[in-house]
Amino acid sequence: MWPLWLLTSLLALSQALPFEQKGFWDFTLDDGLPMLNDEEASGVDTTSGVPDLDSLTPTFSAMCPFGCHCHLRVVQCSDLGLKAVPKEISPDTTLLDLQNNDISELRKDDFKGLQHLYALVLVNNKISKIHEKAFSPLRKLQKLYISKNHLVEIPPNLPSSLVELRIHDNRIRKVPKGVFSGLRNMNCIEMGGNPLENSGFEPGAFDGLKLNYLRISEAKLTGIPKDLPETLNELHLDHNKIQAIELEDLLRYSKLYRLGLGHNQIRMIENGSLSFLPTLRELHLDNNKLSRVPTGLPDLKLLQVVYLHTNNITKVGVNDFCPVGFGVKRAYYNGISLFNNPVPYWEVQPATFRCVTDRLAIQFGNYKK
C-alpha cells in the first residue's frame, strides 16, 4: 500500500504553499522558524496544478521496470542504484520517482511515450548531461524535481506545461536570457544552493515568467538581483552575501507578501526602501549586521511578522514598529523576534509593542537558542 501513500503525498504537496513543502522529499526550504500559513498570502491558487482525480483510477498495465514498485499510475524506482532511466515504464504513468540513484545522463528517448506524466522526481542523482529533447514527450509535466545533481546549466527546452521547478543544490553559475521562454504556467522556482553570483543572471533571464515564488538561497549574491519577475509574492534570498538594501532594489516588487533576507551581511537598509512593499506580511532580516531597526516598518499596514534576531541592534525606539495614532495599521503583529541583540531590554518602553496581538508574540532578550 505504500505506493498509494506516495501518490497521496504528492497530491498533498501540490496543494501546499511552496515554502512549506517538506517531509516526503527534502526541499530544504525552511529556515527553522515559523512562518505564516494563510492561503491569501501565498498568491498561489490552491487548486491549480492538481491532477484530475478521475485520471488516477487503477490501471492494469503489466509494465513495471525490474525492481520498481508500480501501483495505480505511480512508478517508484528510488534507491535502486540505477545508472540510467529504466525502460518498460507504462505510458499512462502519472508520477515517476527516480530519486537517490546514480543516473548521470538523461537521453533523448528516456521518457518516450510518457505523455501523461505529471511529476518527475530526479533528486539526488549524478545528472550532469541532459539531451535537448529529453523532456519533449512530457507534454503534461507540471512538477520537475531535479535538485542535488551535477548540473552546470538550466536544462534546455523545458516543457511549456511546467508549473514548478526545483533545481537547487547543483553547480549552476549562469542563468541566460531565454532559458525560461515559453513557460507561461510556471509559478514556482527553487534554485538555491548553486554558486550563482549577481553577474550570472543575464538581463532578461526571467522575461515572460509570472512567478509567485522564487528562492535563490545559499548562493553567492552580494545584492538583490535585478529584473526578477514583478509578479512575485515570495522572494527568498537567505544565506547569501548581501551587504545592503538600496532604495531601488525593491522598487518593482510591490506584490511581495514574504521577503527572506536572513543570514546575509546586511548592515544598511536605505530609508524608503521598504515603502515599495505595501502588501508585505512577513520580513526576515535575522542573522545580519543591522545596528538599528529598519525605518519604515510602521508604514507597512499588513506586516505581521518581523525577524530581527541575531543582529547588532543596540536600541529600540517607541515608534520603530507601530504607527503613531489609531486606524493606520490594518493587521497587528503576531511575531517580532529581537533576541540575541545587544539591546538593554529594560529600557524599551512597553508602548513600543502597542500594535502586537499578544506579549508572547515578542521574542526578546539577549540569549541564544
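Glycine residues also receive a Cβ, built from the backbone N, Cα and C atoms like all the rest.
TrEMBL does not curate its annotations; it predicts them automatically.
Features of the protein shown, as given by TrEMBL:
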SIGNAL    1-16  signal peptide
DOMAIN    63-95  domain 'LRRNT'
DISULFID  Cys64-Cys70  disulfide bond
DISULFID  Cys68-Cys77  disulfide bond
DISULFID  Cys322-Cys355  disulfide bond
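For the pair Cys68 (disulfide bond) and Cys355 (disulfide bond), the Cα-Cα distance reads 56 Å.
If you take every residue in the domain 'LRRNT' (63-95) and average the pLDDT, you get 95. When the disulfide-bonded residues Cys77, Cys322, Cys355 are compared by Cα distance to Cys64 (disulfide bond), the shortest distance belongs to Cys77. The number of other CB atoms found within 10 A of the CB of Cys70 (disulfide bond), across every protein chain shown, is 19.
Long-range neighbours of Cys77 (disulfide bond) (same chain, six or more residues apart, CB within less than 8 Å of its CB): Pro65, Gly67, Cys68, His69, Pro86, Leu96, Asp97, Leu98, Asn101. Geometry remark: Cys322 (disulfide bond) versus Cys70 (disulfide bond), CA distance 56 Å.
For Cys355 (disulfide bond), the number of other Cβ atoms no farther than 10 Å from its own Cβ, over all displayed protein chains, is 18. Cβ neighbours within 10 Å of Cys68 (disulfide bond), excluding its own Cβ and spanning all shown chains: 20. When the Cα atoms are compared, Cys355 (disulfide bond) and Cys70 (disulfide bond) turn out to be 54 Å apart.
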